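Q: Okay, handing you the structure first.
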Amino acid sequence: MGQVLPLVTRQGDRIAIVSGLRTPFARQATAFHGIPAVDLGKMVVGELLARTEIPAEVIEQLVFGQVVQMPEAPNIAREIVLGTGMNVHTDAYSVSRACATSFQAVANVAESLMAGTIRAGIAGGADSSSVLPIGVSKKLARVLVDVNKARTMSQRLKLFSRLRLRDLMPVPPAVAEYSTGLRMGDTAEQMAKTYGITREQQDALAHRSHQRAAQAWSEGKLKEEVMTAFIPPYKQPLVEDNNIRGNSSLADYAKLRPAFDRKHGTVTAANSTPLTDGAAAVILMTESRAKELGLVPLGYLRSYAFTAIDVWQDMLLGPAWSTPLALERAGLTMGDLTLIDMHEAFAAQTLANIQLLGSERFARDVLGRAHATGEVDESKFNVLGGSIAYGHPFAATGARMITQTLHELRRRGGGFGLVTACAAGGLGAAMVLEAE
């Protein structure tokens, strides 16, 4: 085993996660239609502070992220500070690491705590797939810049005359990798073919995710960590996630056609996570600061790791790469874990990562390690369902997973939990959490 890297301050304090909260997650263009990510972020941070009754001056830093950037609010973190009644002097900056954005926000706040520059901070993320930055074509954009500099009407008209009808069409945000042109679903199809993952296996995992999430809601396990959202025109509150299919049967999944490889594919809308709106945040403190304030932590951040691989083939292997590093830094093995929560971008991606975590060949030939990371115990894995069921507001998912895992660890009497995710650009993230 490699070097253990304890996450403690210079005074020996552990990094405590004292509270976490999220909005309900809503499918694109449903309950949060028209609500921008910055407002979702304000909503969850404001409610989190109200529930914990932590004085505004205690929070010294807010690190927040969004993946679908809005030009009018490029620093979402600072807008949240200014829009929630927090101390105006609170440091705030924004981060983006695709689907691992709130993992990065948590790591940044943890590093500030370890450096001693702060003693308490908030980390999180928000995204809206319903309020999108619809752009213009490159040709129209260039003409508009030139028109702004033109001195006469004739010069302006001459510039506009260069445009064709197709140049006036709106341009939606890109859904493909900038460097490869591949969509996430294309990569999921690659992984299904590379690792021999069948349509039936993918549908079974998706069905399991929805069944577990529906059960978690029906048993009241999520009520404490999901706020009620009141949205214009304030006629009906949103209380629960609206993507979960609690009454579906496995046979229903087989009816859908492939979404990406139309002829030979196995990835469908049902075994993939949907476009989603929502926000989530956690409060982190040094252990001693939490004690000063009389707060009982949900748990502690034991370790974290970020990795990056090539983007051309099977790039959503972040969990298989980052998990062994995070476990190594925590001084733990897979067998020591009480819970494992893996982001389900696609069922194919999830099953491929599970397969590789237990692969001796992958460990030896690809990671350069002597042994496999370890088999994933199904009884510990995504026990409350995952992103396929809950949805995936890109920047919020990590904070959801952290909060959800810590609450479940406490219900089980404590232990260690792994949260891990893949992300666009071949990125991966993993964190080990501890609850007492």
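Here the Cβ of each residue, glycine as well, is placed from N, Cα and C on the backbone.
Per Swiss-Prot, active site, acyl-thioester intermediate is recorded for C99, and the stated evidence type is sequence analysis. The active site, proton acceptor feature in Swiss-Prot is assigned to H392, C422; the stated evidence is sequence analysis.
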Q: Near C422 (active site, proton acceptor), which residues of its own chain have a C-beta under 8 A away, given they sit six or more steps off in sequence?
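A: Residues satisfying the criterion: C99, A100, M315, L316, L317, G318, P319, H343, A345, Q349, N353, G428.
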Q: Taking only same-chain residues 6+ apart in sequence, whose CB is under 8 Å from that of H392 (active site, proton acceptor), what do you get?
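A: Listed in sequence order, they are F25, C99, T273, P274, L275, T276, H343, A345.
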Q: Return the count of C-beta atoms lying within 10 angstroms of the C-beta of C99 (active site, acyl-thioester intermediate), excluding that atom itself.
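A: By my count, 31.
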